[in-house]
Amino acid sequence: MVNELTILIKNTTVLDLNKFAAVENDILIEGNKISKIGVDIEVNDKENLKIIDGSNKVALPGLINGHTHVAMTLFRGASDDLPLMDWLNNVIWPSESRLTGEDVYWGSLLGIVEMIKSGTTTFCDMYFFMDEVAHAVEQSGIRAILSRGMVALDPENGEKGLKESIDFIEKWQGKANGRITTALAPHAPYTCPPEFLKDVIWEAKRLNVPINIHISETLDEISIIKERYGTTPVRHLESLGLFEVKTIGAHLVHVDDEEIQILKRYQVGAIHNPQSNMKLASGIAPVAKMLEAGVLVGLGTDGAASNNDLDMIEELRAASYLQKVSSMNPEALNAKTSIAMATSLGARALGLTEVGLLKEGYKADIILLNTNETNFYPRHNIFNLIAYSAKGADVDTVIVDGEIIMEKRQLTRLDEEKIKFEANKRGLKLVAG
């Protein structure tokens with residue numbers, strides 16, 4: 001049901017990401033939408049009115065985590081300092097083979113708590129036991145694009161994954177008052193043969209859902225695709241017609257200028273995961289070049305096992321610093337652009353049209369940062385302070401779909417201590433074998 005409480009945020013600094021301006025305003029939320037932004041807003045019906053004091057706070061759109069595997073919080077810290085393929089083959093995949101639906105449920109809740117407490121209001125997920133992830137999303141109040149990851153090197157496994165994905169989409173698309181949407185998620189071009197990808201494309205068109213896929217993450221992947229198909233991952237997927245469907249492409253680390261133009265032409269959402277790419281030594285995505293070319297670039301954390309946190313404020317800062325040092329240009333990926341990648345541009349990359357901006361008529365997905373901490377003084381430039389000084393712990397209040405799901409750092413729907421206990425118990429057992 002739509003939240004019936006009217007919320008009025010008074011006297012706050014509102015970030016306008018269309019004009020890249022910060023204005024002192026009130027925000028009125030009615031139902032699940034922002035109904036008015038302005039000065040000295042008055043509400044006649046005060047019976048169902050909640051007033052939030054926005055002084056010493058800045059309101060910005062909820063952060064959007066464009067790529068993660070949220071239940072992988074269960075494997076955080078279990079194995080680090082390994083190359084991607086060693087890490088997957090020797091640690092992660094063996095541990096994941098022991099996963100149960102209940103494990104994924106508690107691991108997802110742990111990740112969702114972490115995301116809410118650091119200001120994320122929407123995430124795009126690819127994993128297993130997705131019914132359990134959906135239940136966690138439904139229970140928590142967060143917004144998500146959910147997809148069941150599919151690996152099809154074994155045709156029987158691919159067929160099973162596609163059937164489960166279709167069943168999941170038909171069951172969950174648009175549920176939780178529209179907070180849950182879905183996608184088809186072939187893992188990557190090196191784990192999904194062409195004929196399988198063609199089946200996925202056909203089903204995505206039939207179901208009218210996007211495709212969520214890892215692309216060009218490592219040099220090993222590039223070598224595998226070149227050896228098998230004589231081309232690069234982006235060109236390979238284009239030749240199959242995959243980009244004719246709305247595509248969310250995670251990583252896109254190793255792409256050339258021609259491939260960047262392909263991404264632009266098809267409006268592929270390129271999700272940059274800077275901390276995961278650095279930690280696994282996958283490489284540095286040419287984000288500045290992509291943005292200059294007009295590619296829709298969002299940000300993601302990847303799973304907590306390869307990051308190792310889900311803090312999007314850290315991620316937008318890492319993205320900016322990485323582009324600056326790799327190009328030896330301090331002007332690369334400035335503060336305003338990195339914030340946009342985590343909000344408005346990130347929403348466009350995922351194909352979401354009603355979130356990512358504080359705008360009348362948009363869904364009320366809003367976070368309030370407490371700017372009365374020492375890291376926000378002196379108040380020279382709020383965009384610079386958010387991009388380069390803020391921390392996830394500065395998030396004071398989180399509103400999703402017009403409902404307050406965290407206020408003054410306290411979750412309103414979830415039992416954080418129980419979630420930490422259950423996730424810890426299960427994570428330790430999974431890795432121990």
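Quick reminder: no glycine exception, Cβ is built from N, Cα and C everywhere.
Of the residues Asp131, Asp154, Asp302, Swiss-Prot places Asp302 in the same Zn(2+) site as His67, His69, His214. A separation of roughly 12 Å, to the nearest angstrom, links the Cα atoms of Asp302 (Zn(2+) binding site) and Glu217 (substrate binding site).
According to DSSP, Glu217 (substrate binding site) is assigned to coil rather than to any helix or strand. Spacing of His69 (Zn(2+) binding site) relative to Arg148 (substrate binding site) is 10 Å (Cα to Cα, whole number). Taking only the Cα positions, the spacing between His187 (substrate binding site) and His67 (Zn(2+) binding site) is 12 angstrom.
For His69 (Zn(2+) binding site), the Cβ neighbour count at a 10 Å cut-off comes to 25, with all displayed protein chains included. Each residue contributes its Cα atom, and for Glu217 (substrate binding site) and His67 (Zn(2+) binding site) those atoms are 13 Å apart.
In sequence order, His187, Ala188, Gly249, Ala250, His251 are the residues of the chain that are 6 or more apart from His214 (Zn(2+) binding site) and have a CB within less than 8 Å of its CB.
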